[in-house]
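The feature transmembrane segment is assigned by TrEMBL to 12-30. Look at TrEMBL and you will find 50-310, 318-514 tagged as domain 'Neutral/alkaline non-lysosomal ceramidase N-terminal'. Among the features that TrEMBL reports, Zn(2+) binding site is placed at His136, His257, Glu453, Tyr489. Annotation source TrEMBL lists active site, nucleophile at Ser307.
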Amino acid sequence: MKPKQIVKKIQPYLISIFLILMAMSCGTVAEYKISYKKPEIVSKTRGLVAGISKVDLTPPPGLPLAGYSKMAETEKGFRTRIYARIFYIRKDANEPVVLIQSDLLSGSLLIHHLLAERLASKTDISFGGIVFAGTHTHSAPANFYDNNFYNEFASNKPGFDKGWTDFVLDRLTNGVEEAYKSAKPAKIASGKTAIWGLTRNRSLDAYRANKNSGFEELKPEIQYQAINPDLVMIRIDAQDKDGRYKPLGAFSTFSVHGTTVPDSNDVANADVFAYPTRILEKKIRRDFKPSWDPIHALNNSTHGDNSPDYREDMQGFIESRRIGEAIGEEAAKLFDSLQNSLSTDANLSFNTREVDLYENQKIGDAEVCDRPYVGTALTGGAEDGLTPVLNWLPFFAEGWPRWFLTGGCQGHKRIVGFKYLQPIVLPKSKFPHKLLLQSVKIADTLLLPVPFEVTKESGKRFVDEALKSSPQPIKNASVISCANGYFGYVTTPEEYTRQHYEGGHTLYGPGTQPFLQAHLADLTKNLPAAGGKESFPASWNYELDRSDRFPEAEKSEGVRELVDSPELILAEENLEKHWVFRYKDVGVSEISLHESLVSIEYKEGTSDWKELTHEGEPVDDKGVDIEVKKTSNSGKGMAVYQVRWYNPEQIAKRKYRFVIRPRVGQAKFVSPEF
């Protein structure tokens, strides 16, 4: 790369950092006061019951994408819709468990608490019984955190977005209430399978430092061995209207970074998780024909140093699909294998604790630092999203730990701006410090949700210690990463000494992993036999630097009209064949992308137009092959949108057309046939 190209590439990154630092002391503030409340509804449940819901979180065009930080793009639409999939589960009159999987970078502690506060007056759901996890896709908005640090740096534009936060909160509230109200007699089974060859360890040098790594020489094949291959699944069936038990779906975990789609992407999508979730959901609809829309809530586990094994220079939707469908096939096999293990004899329990790291840095012999610091290795980026120049610059690139004066709390970490300058630019008040930890037992499966990206070995130690401390028999156990907030990474103390990206992003120092391990073991040791335990403060106060990008309501004036007729784009390297057309429609505040917009129709000869289906499912924007993207404004509140149909059907005797569903004041619109 030529010097001018380097400057051009890194300039937006440096300008963004400068503007963020300039804006940190000015602008509007969003204030929240949340009260801890016990649920007001007393349940009279007998036996095991469960309910589900699936809510669409697809944002309007114009929100910054989170995960690749300042290297990310602002989304202009979507390729695969992003959802929240929700399970409500209760046994007898004990406290219920609510499991929320979302196609987001992570859960949000702020939204968790706001949601729990709302639900307390309407349901029997307690604060501690809610798990709000994100799959860690790098192609969804964030800017909804309880702290200014990640609101400023997780995405390509800084600031807390109240409009987006309210949107997610409202959708989740409706979804949890629906799952709660729809609960019916249920059965549960669990199991696990190993999936090899689809993921690899991206930080072998750091992993090698572990005292139990078992290798010294960095051979290529080791990257495929030093991963967590387990897909853990909880299958939940419920009684349908005909009296038969049919699957509500499954709650699963697997370890894979949500980075099959690169930082150049500009549409919201669920990344690799879009495919295994839909594959199992489709299978359930086809095989069981339930009266509800089933869900596969696939979460991330110990993905911190586990990357998807996409082919070199092939980050994108082709590889995302290949890897995701392979995961989905294995998930479907595991799901089928649990058919004969379903049982109503399944107890639920949880133990939840909120820890303020600015007040409680120690548990037993484990201790974290009294303030967080950003390491230089973080600024260079991980291999799935490298920062230009910084990724190879000495002292900023991965693998440049401190060689001396390592006895301080932050150990081998090289601190950005040094120890005394960084607090001036990033005061302690900016960082996350309210930590929500849980141990949740569903039948014979133990779940350990944490607001961290957990490396493979860190997660193994969490699980091993929790199983040792458990007074109850456990068949399967799994960490859930990126749950109930976001704190960056957690590495083992040994991995931390190598200061790869993961170690540079372990904010609270090398003691973080032992500290979390001790808490999770203690929570598991004190799990009730049934029901829940929880420890929370009486209230919370938040003041967040605000910068709204969620669109304000704007009434459109105009009618839908064609801009460009459908055109076939042939496949090329890392791009699928597709049809594309452009048309004018209502603006971003009225387009409501969280509601289905586009489908495909076909006809043969002079027959009527019919809905196109593939393997029994409609070909529409709820699948994985329709992309909707805003390309420009067109005045009077209207906008121009580009619609693409990837991997299209091609049958010679058929004609096709795009169908655009009605929106505010706009009737159904169709493209010219092609």
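Any Cβ shown, glycine's included, is placed from N, Cα and C.
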Task: Quick one: average pLDDT across the domain 'Neutral/alkaline non-lysosomal ceramidase N-terminal' (318-514), no decimals.
output: 95
Message: Cβ within 8 angstroms of the Cβ centroid of His136, His257, Glu453, Tyr489: which residues besides those meet this for the Zn(2+) site?
response: Gly258, Asn300, His303, Gly304, Val454, Ser481, Cys482
Query: Per DSSP, His257 (Zn(2+) binding site) is which: helix, strand or coil?
result: coil
- line: The rounded CA-CA distance in Å from His257 (Zn(2+) binding site) to Ser307 (active site, nucleophile) is 5
Message: Restricting to the chain of His136 (Zn(2+) binding site) and a gap of 6 or more, list residues whose Cβ falls under 8 Å of its Cβ, or answer none.
response: Gly67, Leu105, Ser106, His257, Gly258, Asn300, His303, Glu453, Ser481, Cys482
Field: Nearest-integer angstrom distance between the alpha carbons (Cα) of Tyr489 (Zn(2+) binding site) and Ser307 (active site, nucleophile)
entry: 14
